[in-house]
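Input: a single structure, listed below in structure tokens.
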Amino acid sequence: MNRKRLKEKILFTGGGSGGHVSAATAIISGIRSQYEMNLDQILYIGSDLTMEGESDGKTKGKSHEEKILSTTDIPYRSIRAGKLQRYLSFRSFKLLFGILGGFIDSWKVISEFQPDRVVSTGGYVTVPICIVAKIRGIPVYIHEQTAVVGLTNKIVGKFAKRIYISFISSASFFPRERTLHTGNAVRPEIFNTTGEGPAQQAIRKMLPNSKKYPIVLIAGGGQGSHLLNITVRQMLTYLTEEFQVVLQTGDNQVHKDHEILWKDRLKLPADKQDRFFPVKFITAEEIGNVFSNTNIFVGRSGANFTYEMGVLQIPSILIPIPWVTHNEQMRNAQALEETGLARIIPEGELTAERLFNELRRLSSIINKGTLKIDEEKLHTSFPINAVSTIINDLTLNSEPVL
């Protein structure tokens, strides 16, 4: 394919969760692979807000998106940001001032960078950027990852030039003539099955016994889940009698689940220790390899993880977070359940015994070859070419490379 030189400057924005960021970086990666361009033709804008209760020595004071972008070569700047809370506190007033500061910072950033278009993947940081862009006549494009639309994309969707949606169910929230079902912009790393990392090294040791002891990946989203970590602790002894488990614990410095679970691992009999591996995070380099060797996934049903399970056709047991806005995780899980790939355990019904029994039941169905998957619904609901569809629809201004 003859690559063309990109003539535009594009400003990306999205933050507050890993899903918003990974969708944006997937699109950026796609643009870079398709066009000749300079690094400074793309700028990513995130917030200056850290997640409450999250801190470690290396990334203290950084927002979630800044932590992720700091590991890439994508130019990044942060702006002041804020969001409305349902209760009043000192932090509420601080966040309100952050909203006002965000508009000032957005005007400054756009004046300096002079983007030809803005691509937003959601999160409260995106509202001032998109509104300022609209005021200045810069076209705005948004991507919605979840089955239920968040407040920020509802606001920006009223004036966005184009709206890309991951799930068909979210189409009703936007004007039909400006909406395109593309699927989710999944990270390209999930298709790389040769990457290495701590989790994959543990799985390599598990592979020879995976027929007898299926490999289960348990992950509570990008930051881990204390509830899932506790549940695994409660059933660790009998879980490792039938399964091999990689558990992404996260790195919460309050609960210290990783440290506790690592000690639990060392208390297991020697043969069982190799069947359980707790890891704080699974690296981008190894994630595709880890997924390719996973027999069953257990975890939360954030938009990105759920969509990736559909794309890779990994049988899953999903435990949606019930307090997420508009119960969006349940809607995400139901979209995968409708294809036959997923089983859902409501959080209020989660116990160690229930999860273990669901694992045994799903594993038995897989082994018998009786897992019924609606292939047509799967391919319709979880298209794998979202990035290329979005880039083609953007019709970026380019010229032949001489």
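Quick reminder: no glycine exception, Cβ is built from N, Cα and C everywhere.
According to TrEMBL, the UDP-N-acetyl-alpha-D-glucosamine binding site annotation covers Ser17, Gly18, Gly19, Arg187, Gln329. The annotation domain 'Glycosyltransferase family 28 N-terminal' is assigned in TrEMBL to 10-165. Marked as domain 'Glycosyl transferase family 28 C-terminal' by TrEMBL: 215-364.
Local packing around the Cβ, expressed as the count of other Cβ atoms within 10 angstroms, is greatest for Gln329 among the binding-site residues Ser17, Gln329. Just so you know, of the binding-site residues Gly18, Gly19, the Cβ with the fewest other Cβ atoms around it within 10 Å is the one at Gly18. Every protein chain shown contributes to the tally, and the Cβ of Arg187 (UDP-N-acetyl-alpha-D-glucosamine binding site) ends up with 21 other Cβ atoms within 10 Å. Secondary structure of the domain 'Glycosyl transferase family 28 C-terminal' (215-364) per DSSP, as helix, strand and coil residue counts: 80 helix, 24 strand, 46 coil. With Ser17, Gly18, Gly19, Arg187, Gln329 listed as the residues that bind UDP-N-acetyl-alpha-D-glucosamine, the site has a largest C-alpha separation of 20 Å. Within the model, the domain 'Glycosyl transferase family 28 C-terminal' (215-364) carries an average pLDDT of 94.
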